[in-house]
Amino acid sequence: MANEEKEKSLNFIEEIVENDLSSGKHKSILTRFPPEPNGYLHIGHAKSICLNFGLAESYGGKTNLRFDDTNPVTEDTEYVDSIKEDVKWLGFDWASEHYASDYFDTLYEYAEKLINLGLAYVDDSNSEELAAQKGTPTTPGTNSPFRDRSIEENLTLFREMREGKHEEGSKALRAKIDMASTNMLMRDPIIYRIKFAKHHRTGDKWCIYPMYDLAHGQSDSIEEITHSVCTLEFVAHRELYDWFIAKLEIFPSKQYEFARLNLGYTLMSKRKLRLLVEENHVNGWDDPRMPTISGLRRRGYTPKSIRDFCDRIGIAKRDNMIDASLLEFFIKDHLNKISSRVMAVTDPLKVTITNFPEGQTEDCEIDNNPEDENSGSRMVPFDREIFIEKSDFLEEAPKKYFRLKPGGVVRLKGAYIIQCDDIVKDENGEVIELKCSFIENSKSGQDTSGVKCKGVIHWVSQKNNVPLELRVYDRLFKEEDVAGYDGDFRDILNENSLEVLKAYGEPSLKDAKLDDKFQFIRKGYYVLDKDSTENQIIFNQTVGMRDSWKKN
Ligand code: ATP
Ligand code: MG
């Protein structure tokens, strides 16, 4: 790539990395992806994963996976396992796997070190008193009456906290910084609190736990992370991040912030997604309507489509809302290249081909994927009685209607041109069957009939098909800006986000496997669902053929 071109495409974090490498500040880079294991990963995390692992890939560095598990109350090993699965599925490999909880001993030592430096103290203030001392963004805070405890007293009390001698909320360890700082986070932040809770890894070993700022930044330093990339809400934390590192004189990791991904009509918060799961608004974390990686996977999204999407949206310094149709664009683009074209009919109208011999079946060869010459073809059985979509027939059709109409012709995909000779109606006047004839020598690929025919429709044999259940999904929420909605986000759930349809599929679909990708011709892209059984084949619609996000 020409130098100039390369520079233009660099995002601001890549620029920083290039500078740090060329100036010799770092010989190589080490990034990390630091999820809190309190839920399943969502597409917002995918952006962070692609950024952190992508940086390391581009610059020959490495990325750690670190579970930020310092809050014993909300964390679970189920989430740890799902996070690992999702990162792997996206196609990334971490250099090593860490847990912030593995650093509890070191973090404790750091806390004692701060006490010994006269930079931390044990405070007995209760939560109201602490809040009152904080001040406001425009007025300075006030010093706690416990701020000037001696180093010895602080050490004794902190050790007692660790030994479980004090009740939850009765004491906390605070950094001694500046109660008048314009940055509220620098006003003597709490760095350790008492919590009598079982931790998913350390069990009952600890009854004091480090707060985010101490735990996160120092974990970075312990691992010698060079570039610690996080989202914009941590901008104000950077000063504190640097303060701890400077005072403790440990590895100088640096924090950089980028805008989090917000996607329309859905949510990017594990906590809120968890409520949807717990309150059964959806069927689990991997419900195909969920913006979770596992939900997208079950819906039929490919790792490539998600990575391409993350690449395209790039790295911004300001929060913005990404149109959900952009994600759809990337999955359609990929599925168009890799999916097998198959036929399924959802709203069947019986068609009898009156000049086709009864009891006879003829194989029709259909290309699996015209976009991929190596994808081969398969045989679909054609016979005298077939189903077409009701909507592919119109009794009173306009001139330019190229599907089936009385006296008109249409091509059956991969099979013959048929002509509509007669209509059968029920007592209510509804069309229940078409009597058609096929045109001799008009078979696809060997058509010498000379009959002009503009329309092609899909079909299945009435006798030779597999019944299917199709699950078709719509947006999960009715409002685009769910996070910005000022009522309860559950009030704007789209109650019509799941539609279940019956369908008849061509017989080859019996052999579909979980990961196979299909285009149901003229309907959309579909993937087998894990709920399928021997007797009930279930497909999820990944995405329809048309843009489903256009505003009406
Ligand atoms: P959540 O509210 O969903 O729990 P979080 O930011 O608390 O989000 P973490 O598990 O702490 O989630 O996140 C791990 C990493 O993923 C962090 O570096 C975080 O900044 C990043 N991340 C989380 N959500 C997004 C998002 N919507 N866009 C980009 N990055 C994100
Ligand atoms: Mg969180």
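Glycine is treated like the rest: Cβ placed from N, Cα and C.
Residues or ranges marked as ATP binding site by TrEMBL: 36-38, 42-48, THR231, 260-261, 268-270. Sequence-distant contacts of LYS47 (ATP binding site), defined as residues of its own chain at least six apart whose C-beta falls under 8 angstroms from its C-beta, comprise ARG260, LEU261, CYS310, ILE313.
Residues annotated as L-glutamine binding site in TrEMBL: ASP68, TYR212. All protein chains included, TYR212 (L-glutamine binding site) registers 17 other Cβ atoms within 10 Å of its own Cβ.
The domain 'Glutamyl/glutaminyl-tRNA synthetase class Ib catalytic' feature in TrEMBL is assigned to 29-336.
For the domain 'Glutamyl/glutaminyl-tRNA synthetase class Ib anti-codon binding' (340-438), DSSP puts the residue distribution at 6 helix, 51 strand, 42 coil. Look at TrEMBL and you will find 340-438 tagged as domain 'Glutamyl/glutaminyl-tRNA synthetase class Ib anti-codon binding'.
According to DSSP, the secondary structure content of the domain 'tRNA synthetases class I (E and Q) anti-codon binding' (456-529) in residues is 9 helix, 31 strand, 34 coil. Positions annotated as domain 'tRNA synthetases class I (E and Q) anti-codon binding' by TrEMBL: 456-529.
For the motif ''HIGH' region' (35-45), DSSP puts the residue distribution at 3 helix, 1 strand, 7 coil. Taken from TrEMBL, the feature motif ''HIGH' region' covers 35-45.
Secondary structure of the motif ''KMSKS' region' (267-271) per DSSP, as helix, strand and coil residue counts: 2 helix, 0 strand, 3 coil. Per TrEMBL, the feature motif ''KMSKS' region' maps to 267-271.
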Tertiary contacts of the motif ''HIGH' region' (35-45) (same chain, 6+ residues out, Cβ under 8 Å): 67-69, 71, 74-77, 79-80, 82-83, 86-87, 200, 260-263, 267-268, 270-271, 273-274, 285-286, 290-294, 296, 306, 309, 327
For ASN38 (ATP binding site): intrachain residues, at least 6 apart, with Cβ closer than 8 Å: ASN71, THR74, GLU75, ASP76, TYR79, LYS270, ARG271, ARG274
Remote residues contacting the motif ''KMSKS' region' (267-271) - C-beta distance under 8 A, at least 6 residues beyond either end: 36, 38-40, 42-44, 260-261, 291, 476-477, 482-483, 489
Rounded Cα separation (Å) that holds between ILE43 (ATP binding site) and ASP68 (L-glutamine binding site): 19
Among ILE43, HIS45, TYR212, the binding-site residues whose C-beta sits under 6 Å from ligand 1: HIS45
Mean of the pLDDT scores, which run from 0 to 100, over the domain 'Glutamyl/glutaminyl-tRNA synthetase class Ib anti-codon binding' (340-438): 97
